[in-house]
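Colleague: Structure incoming, see below.
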Amino acid sequence: MTIPYTPGRLDGKVALVTGSGRGIGAAIAIQLGRLGAKVVVNYANSAEHAEKVVAEIKAHGSDAVAFKADMRRVAETAKLFDDAVAHFGHLDIAVSNSGVVSFGHLKDVTEEEFDRVFSLNTRGQFFVAREAYRVLSEGGRIILTSSNTSKDFSVPRHSVYSGSKGAIDSFVRILSKDCGDKKITVNGVAPGGTVTDMFHAVSHHYIPNGEKFTAEERQQMAAHASPLHRNGFPEDIANVVGFLVSKEGEWVNGKVITLDGGAA
């Protein structure tokens, strides 16, 4: 007896999420698992965090595995995708989430800092998309991660990071054309301020004289930037990704969706 399809479900699908040991990436991996997908959890540093995500996905009734790979290294990216297919038999969804943040006035930015940011946020994501195209099943999904600072929200001393994410907007638009021959959609999400450990570490940069306020005060100020008067959380991003990679999300293609609760 064939089980009827439930809208929004990802049963039978396999997803890979880069940088999914914590924060937004972890929330995305867990959400895709809840929707029924088997998930490859990728991490670059902490196996402990990644294994916790794997355990949570399994607790919800799906399957998951953690693989270490640095998205700055294209050979490791390619091997990660090969390992994902070898482990689960196929791959349907690739979510590129790995990234680093950077702040600095133009006069102080070094070549090393520029390369550190662009090698992961921009170059790394491009080659994740390339490897995803290579192995994804027909009708697959690719999601890249931009930022609301790429075009909607201007922050002083944030040019390198914002520029690294602005390139993603162009990648999404053009790669959606390249991937059409395999019926693969390519979209992006552009989170605004989202409460994670990274948020608390850098939130003072986004608020004038932010160092004068406590982390809790800065979080409250960020909440009031949205007309909904609440903060964004990783689950808010994960819910949108869950839709974009579903059957129902197919007609959204080549688009970057800003997720900031209307703050920008």
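Using N, Cα and C of the backbone, Cβ positions are placed for all residues, glycine too.
Annotations for this protein, taken from Swiss-Prot, read as follows:
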type	residues	note
BINDING	I24, D70, N97, R130, Y161, K165, T196	NADP(+) binding site
ACT_SITE	S146	active site, proton donor
ACT_SITE	S147	active site, proton donor
ACT_SITE	Y161	active site, proton acceptor
ACT_SITE	K165	active site, lowers pKa of active site Tyr
Colleague: Return one of helix, strand or coil for S146 (active site, proton donor), based on DSSP.
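Modeller: Its secondary structure by DSSP: coil.
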Colleague: Counting other Cβ atoms within 10 Å of each residue's Cβ, which of the binding-site residues R130, K165 comes out lowest?
Modeller: R130
Colleague: Cα of N97 (NADP(+) binding site) to Cα of S146 (active site, proton donor): how many Å, rounded?
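Modeller: On Cα coordinates alone, these residues lie 9 Å apart.
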Colleague: Max CA to CA distance in Å over the NADP(+)-binding set I24, D70, N97, R130, Y161, K165, T196?
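Modeller: The span, Cα to Cα at its widest, is 29 Å.
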Colleague: Please list, in sequence order, the residues in the chain of S146 (active site, proton donor) that are at least six apart in sequence and whose C-beta is under 8 Å away from its C-beta.
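Modeller: Listed in sequence order, they are K165, G166, I168, D169, V172, G188, V189, A190, V256.
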Colleague: For S147 (active site, proton donor), which of the binding-site residues I24, D70, R130, Y161, T196 has the nearest Cα in space?
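Modeller: Nearest by Cα distance to S147 (active site, proton donor): Y161.
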Colleague: According to DSSP, does Y161 (NADP(+) binding site) fall in a helix, a strand, or coil?
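Modeller: The residue in question, Y161 (NADP(+) binding site), is helix (DSSP, three-state).
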